[in-house]
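Asks: Structure provided below as structure tokens; questions to follow.
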Amino acid sequence: MSLFLISTSRNISSLYRQRFLSFTPRLLSSNQYNNDIIQAKKQLKVNPSSAKQSPRLRRYHYYVLSIATGALIGTIYALRQVRKHEGSLPEYVANPELLERKAMEARPLPPPVTKHITFDAPPRKNFPFNITLYQFVTCPFCCKVRAYLNYNRIPYDIVEVNSVTQKETKWSLYNSVPIVVIENEQIQLNDSNMIISAIESYLRQPTQTFKNIMKLYKSVVEKDQKGNLIFNYPNRYFIIEPLINDQLEVIKEEQKPIVNNQTESFFTRFFSRFFSRSISQSDIDSKKLQNEPIYKPKSNEENEYERQWREWVDNTFIHVISPNIYCTLRQSLNTMHWFSKVGEWEEIFPWYQRWIFIYVGAITMRGLAIYLKKKYNLNDNVRISLYACGNEWVNSIGEKDFHGGSEPNLADLNVYGILTTIQGSEAFQDLMDNTKIQPWFKRMKNLVELHRIDTSIMTIIECTGCTLIAYGIPFSMFVFTIAHHPFRVIIAMTSAFFWLLSLLLSSLLWFAVVPLRNQLGFAVPFAVLFQEIFRYLFYRVIKKAEFALQKVQMQELTEKGMVFDRFAVAYAAGYGFGFISGTFAIVNVLSDMTGPGTIGIFGHSQDFFIATAFLTLAIILLNTFWGVVLFTSLDQGGIHQYLGPIVVVLTHMLFSCLTLFNRTTRPIYSISIITGYVILCGIIVYALFLRGFNIRQRLNRQ
């Protein structure tokens, strides 16, 4: 094409040259014309050598022009293809650890724990980290993680994620479950296989920190066309031995056994010393540890065999589950009802949403089952594919008790976790009846679920005990000193109303001061001042009522049990203040005691609930005798008229501010509790002194 264009340009140039030569005679004279013609002809006569070089130069220009034209066309074509397929190629995210660290910083604290799983035996191997599991209760991958943790008896907290809004995991870049958070080091673990492999790697060879384990499981993060992040873990099926410098020396069995929890708390030691005749927990744990099988390192062949079957679970077995539990519309509906029961949807969703999830979800999942059956080339009768997988698993076990031999391996736990997902469906029962997998499943269930504690019973017992600690003495005080006197009951109820007014005004002030809204150091002093102001206002109201009651016939008051006693009025007024204050202090804690579990809430002390119970008792008793001191000192006059209110305000402020130590990462409950009861003893002595109580006279009378 380029040669054709060049030849055409040559012909056109020669034509214009001839026209020019024919036009010039008209402008020039004939002699000049002849001379020019002669000169032009001489110039047209070129040397032979130059005539030979001219075509070569022309060809060179042609080649250069052709190459440039081809490069231009190729560049345009390549750019069009790149734009056409732009976004289809994966875009890898650099430094994903930084993104995960920022996501962890945005995680709400403390997490909304819905259940705490604990065990009546120590862990099979020491795992000194607190775990929080974000899950769907019916998710098969979450069931795999739970089965692994339950088998190894590793305590963990559960955060049940709303399957629709997923607000509990909005902070995470990983848009799926399960998610495990190592609370001690604020590390996020994603993907069920990676979670199991990472924890198993630590159990087989402990490291100084869990971050040393996470260095072995680097994530490859991609970004799709919509901007969503896709996390891949190439090593998720591998149990990796950490670096030698990162390894932690394992304590020999002859030495003191390791217990998963931290050292026994102050209250545990205190109550076990005085109220328990049994042996210590460490002795119990050491005896249980002696019965545990000794861990033997696995060979490379065993690890490879285990890894192959773990991959089989994810690549083959799990794909036959959904088409079987949703194989008909009726079974799909029964499965959704089972999920509603297990997932406690009645407590999470309103009735109309639950109805949509069950019935619309059953139809949707039925359509999904048809799609999955075609995608994975399952038998038209999907039960046959399920039975085939069950028989394949049983044949791999052979004559052994478990796939791992005498003890389950990770493949055993994965298959068991998947089966627990469908335990309430018809497909599960058909699998048990038509294959030989049931004996293995029962053996696994006995090992995995044997030592798990029913937290509902445990929490009810704990709630009852803490309630009796907090309200046992105040309830007895009410029954024996107030309940039989209607006037004192009225005084107590009225004083409680005044306390509520002080709470309302202090709350309005707290809400109005926006910059200091999250600072308890600002809210506590003002709340104390408002309470004492309203205590004094109630005293003034009582004084007005006393003047009015003096005009009433005392005999009629006596018949009705309304004897006006200043000390009794002060006592009832203080009791009303204390009871309502203690109720507000512990009511939310009592609701948490009934469930989920209570030990190790977000890494806090085990003593949280029992410490709160003792603090509530101190608050009730202190407010009772603060009322006695304030009312009696104001009535008595003299120096006590000023000393009494000052003592009340200062001790109230001191005790309330000391409770701020309980909000630290490692709360020091002993400071506020011991100081509170020392203040209580001093206030009781001062109140008795104002009352005129003399211990010497009492002893002499006796």
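Using the three backbone atoms N, Cα and C, a Cβ is placed for every residue, glycine included.
All annotation found in TrEMBL is predicted automatically rather than curated by experts.
Take a look at what TrEMBL says about it:
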DOMAIN    133-201  domain 'GST N-terminal'
TRANSMEM  60-79  transmembrane segment
TRANSMEM  457-482  transmembrane segment
TRANSMEM  489-514  transmembrane segment
TRANSMEM  520-542  transmembrane segment
TRANSMEM  563-588  transmembrane segment
TRANSMEM  608-630  transmembrane segment
TRANSMEM  642-661  transmembrane segment
TRANSMEM  667-689  transmembrane segment
Asks: By DSSP assignment, list the helix, strand and coil residue numbers for the domain 'GST N-terminal' (133-201), in that order.
Replies: 26 helix, 16 strand, 27 coil
Asks: Residues sitting near the transmembrane segment (489-514): Cβ under 8 Å, six or more positions beyond its termini, same chain?
Replies: 478, 482-483, 522-523, 526-527, 530-531, 533-535, 537-538, 541-542, 569, 572-577, 579-581, 584, 627
Asks: Using a Cβ cut-off of under 8 Å, list the residues of the same chain at least 6 residues beyond the transmembrane segment (667-689) that approach it.
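Replies: Long-range Cβ neighbours of the transmembrane segment (667-689): 266, 604-605, 607-608, 611, 614-615, 618-619, 621-622, 625-626, 628-629, 632, 644, 647, 651, 654-655, 658-659, 661.
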Asks: Quick one: average pLDDT across the domain 'GST N-terminal' (133-201), no decimals.
Replies: 90
